[in-house]
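Novice: Let me begin by handing over the structure; questions about it come next.
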C-alpha cells in the first residue's frame, strides 16, 4: 500500500526487465516478496512426503472495479484478460467462478505464469510515474494438503501410509499429478488401505500476494480522460479497503467487504482467521 511511484511493485516483484515488464530473478538479493514467498512455500513442501501437497496458481487484476483473469486463453490459445466476477458461497467464502487455476510443481513454473499475467497488466504513464500500474494485481497460491485421520496433525505412521497409498488414491489428485505417477498394479486393496482412503481429507490453504495500485493526487499526476477515470476507481477501491480494515480494527458488527470488488475478492485473506500483513511504502515529500 502506498502512493503512486513509492515502490510497491518493486517491493512485491523485485526489479523488472525493461520493455516487457517481466520480473527478473537473476539477482537473489533483489528478489521481491512474491518470488521469495513462493520459493519458501516450495521449500517447505519439498520436506513433506511426495504427493501429499499440490499447488495451484491464479493471477487476476482488479481494473476499474472489474476482475480480469490474466491466465485465461481464447479459443486460438491467445492470452486475453477475460472478465470474471466474485461471489460469496453458501459457506460464506469469496470465490471467483470459472477462474483459471494452473497447477505448478516448482517456483520456476509459478514465476513463468506470473510473468505471463504481468504482460497484460494495465499501465499508463503519468507526470509522477512513467510506468504507473492502473490495476490491483492479486496472485493467489492455493495449496491442497492431503490429510489422513480425524485430526489435522499427521503422524509418522500416517505419512508412511500416505506414501503407500499414493497410487490407490490417485483418483483424488489433479491430472498433472497423476501423469507423473507410475500406473498401479492390479489387485484388490487391503482393508487397511481402504480404511485409510476413507479417512483421507483435503485441506485447502490460500496465500494471496497483492500489489495494489497507487493512491494518486490528480493535481500532481496530471491525468485526463481514461486515466482520470482509472484514478477515480483506484482511489475509491483503496478507500473501501481502508473502511474494511477500520471496521475490523474497531470490531464493528458490519464489515463493508462488498463496497468494492477488491475487498470482496480479498475477504477471506483480510477477515475471519486469516493473517494479514500490510506493507506501507512511504514516498519522501517535496518539502
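Every residue, even glycine, has its Cβ placed from backbone N, Cα and C.
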Novice: For the region 'Disordered' entry in TrEMBL, name the matching range from 132-152, 153-173, 174-194.
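Specialist: The range carrying the region 'Disordered' annotation in TrEMBL is 174-194.
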Novice: Within a 10 Å radius of its Cβ, which of these binding-site residues (6, 9) has the fewest neighbouring Cβ atoms?
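Specialist: Ranked by other Cβ atoms within 10 Å, the binding-site residues 6, 9 bottom out at 6.
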